[in-house]
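Undergrad: I'd like to ask some things about the structure below.
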C-alpha cells in the first residue's frame, strides 16, 4: 500500500492580509516558517522518501524546510499549483465588487464550468491534481512521498477522492501546514484505489492557525 502525505504551505504575508493568492505569490511569514519547521519535525518520523512540491515560491520554501529535516531533495511539479484565480489574484478579499464576488461564488459553489475571468475551473484543477497524485504510483516500491501544495488544490483532491464534487473543498478545513494522508490500496473487501486516511491534522503545530483566530 502506498502512503502519500499532503501538506499545505505555511502561512504567507497575503494569508495574513486576506489577499487572494491563486498562482500569484507572497513569502512565508515568520509564523509560516515556524509551521514548516514543525511539519519537518513530524515528517522526520514518517520515513518520507520524496518531497514533491508546487513550483510556487510559498510551497517551495515550505518544502525546502521540510526537506532539510528529512534529508530529502525537493522535486517541483507545476500540476500541484493552486487554483488559477484569474483577474482576482492579488486582490483583498473585502475589496471585491458585487460582480467580482459573483464570479468567485460561481466558482466555489459548483456552477458548471464556473471560473473567474482568465482563471481556471474546479474541474481543470481536479484533473491536474489527480494526475500529479497518480505520478506517485510510478515511484520505486517502498516509497513514501510527501506533496506540498495549496488549500483549494488539496481540498479539491481530497474531496474528489471521497467521491464528492470538487467544490466540496469548501467543507474541508485544511489549515496552513496541516498534514493529510491518502493511501493507494488494492483490496477484495475494501475500496480499491485512493482512500483518505486523515485530513487536516494540525496536532504537530504549537499555535493556532490564522483561520482559527479569524473565526
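Here the Cβ of each residue, glycine as well, is placed from N, Cα and C on the backbone.
So Swiss-Prot has the following annotated:
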ACT_SITE  9  active site, tele-phosphohistidine intermediate
ACT_SITE  82  active site, proton donor/acceptor
BINDING   8-15, 21-22, 58, 60, 82-85, 104-105, 151-152  substrate binding site
SITE      150  site 'Transition state stabilizer'
Undergrad: Would you kindly give the Cα-Cα distance separating residue 150 (site 'Transition state stabilizer') and residue 22 (substrate binding site), rounded to the nearest Å?
TA: 9
Undergrad: C-alpha of residue 150 (site 'Transition state stabilizer') to C-alpha of residue 8 (substrate binding site): distance in Å?
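TA: Approximately 5 Å lies between the Cα of residue 150 (site 'Transition state stabilizer') and that of residue 8 (substrate binding site).
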Undergrad: Cβ neighbours within 10 Å, counted over all protein chains: which one of the binding-site residues 22, 151 has the most?
TA: 22
Undergrad: Taking DSSP three-state, what's residue 9 (active site, tele-phosphohistidine intermediate) in: helix, strand or coil?
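TA: Reduced to three states, the DSSP call for residue 9 (active site, tele-phosphohistidine intermediate) is coil.
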Undergrad: Which one is it: of the recorded positions 8, 9, 150, which Cβ has the fewest other Cβ atoms within 10 Å in this structure?
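TA: Looking at the recorded positions 8, 9, 150, the Cβ with the fewest others within 10 Å is that of 150.
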Undergrad: Given the recorded positions 82, 85, 151, state which is nearest to the residue listed as 'active site, tele-phosphohistidine intermediate' when distance is taken between Cα atoms.
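TA: Checking each of 82, 85, 151 against the residue listed as 'active site, tele-phosphohistidine intermediate', the shortest Cα distance is to 151.
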Undergrad: List the Cα distance (Å, whole number) between residue 8 (substrate binding site) and residue 82 (active site, proton donor/acceptor).
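TA: Here the two Cα atoms lie 10 Å apart.
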Undergrad: Applying a 10 Å Cβ distance cut-off over all chains shown, what neighbour count does residue 14 (substrate binding site) have?
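TA: I get 21 for this one.
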